[in-house]
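Participant: If you scroll down you'll find the structure; I have some questions about it.
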Amino acid sequence: MLVIYFIGSLLASLVSARNAADLIGTWTTKSRQVFTGPGFYDVVKDELIEPRLTGISFSFTEDGHFEEAFYRAVSNPQDPSCPKGILQWQHGTYTVDSDGSIHLNPIAEDGRQLLSDPCSSSKGIYTRYNQTEKYSSFTVDVDPYYDSIRLNLYSFDGSPMIPMYLAYRPPEMLPTGPLQSIVSKKAKRHFDSKKVTPFGLRTLISKDNLVDPNRWLWVGIVMSAMGGITLFFT
């Protein structure tokens, strides 16, 4: 009898972990510096706002809207001490299929991307961004280490993304409809040729990025180089 009860409870928890309602809220990676909403994208000025550290944030509403904010570092094989940075923001609608996969359908005109290469250019490149996305599955559970509700997303190929933790419920988001009517006319007029100040180099390396094993090699090279410089001057 106890075995049957245990199996039933386990199955119930697994079903709950795939419940689309569990997605509702704003999620962020462990740096807790990147959040969707007006703190990441200023619609009126049409500007992306650089967070203190890199990270990822997703928001989902009960009626099928999403918003995402990415601040990523991209390794530079020619100069590992000089990574590039990318800010990306988009929003739109989402669906959850019966197999647990998530489909994100962004509003094409609203997405924004800022690419910064501070070691080769004094200006960042600001463009529109529109990327339909699919996540093969997701789970929501309680992280025993952080004692927080954790969202585990899996990319289209099944590879896990960096875990995200519940930050707000209800979610912190910009208006879910098209934003082009809000963007100032001045911002629209200069958008196609817009160049902005690049990110600060110190923000492009954070704990979130160290989770990716492919970056450990470059981190090791940078640290070895820094150690050599320290030894030389001591």
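Backbone N, Cα and C define each Cβ position, glycine as well.
So Swiss-Prot says this about it:
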{"type": "SIGNAL", "residues": "1-17", "note": "signal peptide"}
{"type": "TOPO_DOM", "residues": "18-215", "note": "topological domain 'Lumenal'"}
{"type": "CARBOHYD", "residues": "Asn130", "note": "N-linked glycosylation site"}
{"type": "TRANSMEM", "residues": "216-233", "note": "transmembrane segment"}
Participant: Give me the mean pLDDT over the topological domain 'Lumenal' (18-215), rounded to a whole number.
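Facilitator: Across the topological domain 'Lumenal' (18-215), the average pLDDT comes out at 86.
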Participant: Neighbour count, 10 Å Cβ-Cβ cut-off, for Asn130 (N-linked glycosylation site): what number do you get?
Facilitator: 14
